[in-house]
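J.: Let me give you the structure first, and then I'll get to my questions.
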Amino acid sequence: MSTASPLPCLAIAGPTASGKTAAALALARLLAERGQAAEIISVDSALVYRGMDIGTAKPTPEELAACPHHLIDIRDPLQAYSAAEFVQDTQRLAAEIRARGALPLLVGGTMLYFKALQDGIDDMPAADPAVRERLDAQAAQIGWPAMHALLAQVDPATAARLAPADSQRIQRALEVWHVSGKPLSSFHTRSGKNAEQGLVSPGGFFSLEPQDRAWLHARIAQRFDAMLDAGFIDEVLQLRARGDLHLDLPSIRCVGYRQAWESLDGLYSMNSLRERGIAATRQLAKRQITWLRSMPARHAIACDTPDAQQQLLQAAMAVVAAATQARNG
């Protein structure tokens, strides 16, 4: 195979605990055996944060060493990282990776990032710390359900799709309204913006989806138990010891961290942490699968079958071979 990258990139998406990391590393190894280097671009809004390793199931040092990874450990937990920043970073990284003669692999489960990369996004107002501080103070007085009701008055379309307790997204929607005077729902994705750039090759978007939800639920429970055994609570305690992090930050709202933080705050018992963490992770997986099924161009692979990884490898290599043949004429 030519050392020049024969296609822009492949993507491996899927809900949490579906086997994305293992599949991506197996594909990278197979490509290397065929003479084609590959580099992984993480599509995960939690992996960007430093010091949040156990609760995000961050790739191990051995896995990170097996293949170059990007967009991991690029932000302090105090900082935000937007979908717009992800799109800009990924487009830049993909170009740099191709220039090195390597093949970019987009791997992760943050579906908003995938959709933003696929459709493009309108230029929304930047975060305004002063506005956020006022909104946080108001929420502390009246609660997020009441803030949700306020959002419904100025942006009913966005309020209708958000749960009253979804503080992070309610805050962002109200922030956009206060900064721009326009509802968040007026900032639409621009379908096809990136189509001509061909960032993901036709046929190259692979989705690991379970046929049996019980299989995924069992893996989620096993993963959460493994996190607890690996010292997840100690990791959260270290974050709390900094003194500058709190529940209103996107980093601490990540699934698992939020539940642990609330338990340590005394809002819930520590005995209920496992049950609440697993339930929240199941809900995340359900939302991820719903997003995936709205993406018609995906190549879905049943991740709960014994040969799921082999199916993905065969399909991915077929896309690479077809692209190589087309390039070589």
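Glycine residues also receive a Cβ, built from the backbone N, Cα and C atoms like all the rest.
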J.: When Swiss-Prot marks a stretch as region 'Interaction with substrate tRNA', which of 4-7, 44-47, 128-131 is it?
T.: 44-47
J.: Using all protein chains in view, find how many other C-beta atoms are within 10 Å of the C-beta of K20 (ATP binding site).
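T.: I get 23 for this one.
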J.: Using Cβ atoms and a strict cutoff of less than 8 Å, what residues sit near the region 'Interaction with substrate tRNA' (44-47) while being 6 or more residues removed from its termini?
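T.: Cβ under 8 Å, 6 or more out: 55-56, 58, 71-73, 81, 86, 108-110, 112-113, 250-251, 254-255.
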J.: Below 8 angstroms Cβ to Cβ, which residues of this chain, lying six or more residues outside the region 'Interaction with substrate tRNA' (168-172), approach it?
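T.: Same-chain residues near the region 'Interaction with substrate tRNA' (168-172) but 6 or more away: 132, 135-136, 139, 144, 147-148, 151, 159, 162, 184, 248, 250, 253.
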J.: Going by DSSP, how much of the region 'Interaction with substrate tRNA' (44-47) is helix, how much is strand and how much is coil, in residues?
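T.: Computed counts for the region 'Interaction with substrate tRNA' (44-47) are 0 helix, 0 strand, 4 coil.
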